[in-house]
């Protein structure tokens, strides 16, 4: 029995966009960045039971019980009104789940998946749970063949990675901007620790994928292409995924930002290729 718990925003039993192959994707609640372009902004914060969402629910799926916001999954229509109203960028639908409870979901899907990806929010803000979950999977004869990945923003310290890497098969990280000033403008934090995390993971052979998000007029990749290309080449044979920003699902000023087109992505790809970065993955979809 493993009763260690985490606050879980969502479980997708079969995902083909959260790492290689078909995977169970576990989204944890809470993030230590505040990205303007976040497509899951309701996973940033954690519910403080303020109750502001309760009277807004058109299906009466929320109520206050003993001072806590309680969600009724039976009557909920998944209209997401509560997500748009929450001042905390949280969700009343997040549930506390134990390692054993998550493992029960994994076992139901095990015949149809190649692994599990823990995402968020930011997975590593609930690091002890992730370590316990991956350890349990690696120690289970029926589950140990599954690969265990994290989708992370890279803010975890070196000490934290040392705890996670023995039971983690790899991490997928975003480098949202090259310069710290640009990165802080986009996310609220600088990117020095993120760059250190990327280097550490590459050195350990655990950097499954580096991601660059093209946001027209907002990112600085091309302005710093020499440094960026040299940085990526120094990581070794790591796949680099070029993602195209779109405004669907974002809040605030990013709703007015232009979506990225092939004409926005291709100049970056060409500039990287010319400088020896050739293992590129292009967007599967432009919106």
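Positions of Cβ are set from backbone N, Cα and C atoms, glycine also.
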47, 50, 53 bind [4Fe-4S] cluster 2 according to Swiss-Prot; which of 5, 16, 86 goes with them?
86
Quick check on the annotation: Swiss-Prot has 37, 38, 39, 174, 175, 176, 246 binding S-adenosyl-L-methionine, so which of 121, 276 does it put in that site too?
121
Other residues near the [4Fe-4S] cluster 2 site, CB within 8 A of the CB centroid of 47, 50, 53, 86?
48, 49, 51, 52, 69, 82, 85, 87, 88, 90, 91, 92
Remote residues contacting the domain '4Fe-4S ferredoxin-type 2' (67-96) - C-beta distance under 8 A, at least 6 residues beyond either end:
5-9, 29, 41-54, 56-61, 251
CB neighbours within 10 A of residue 86 ([4Fe-4S] cluster 2 binding site), counting all protein chains shown, number 22
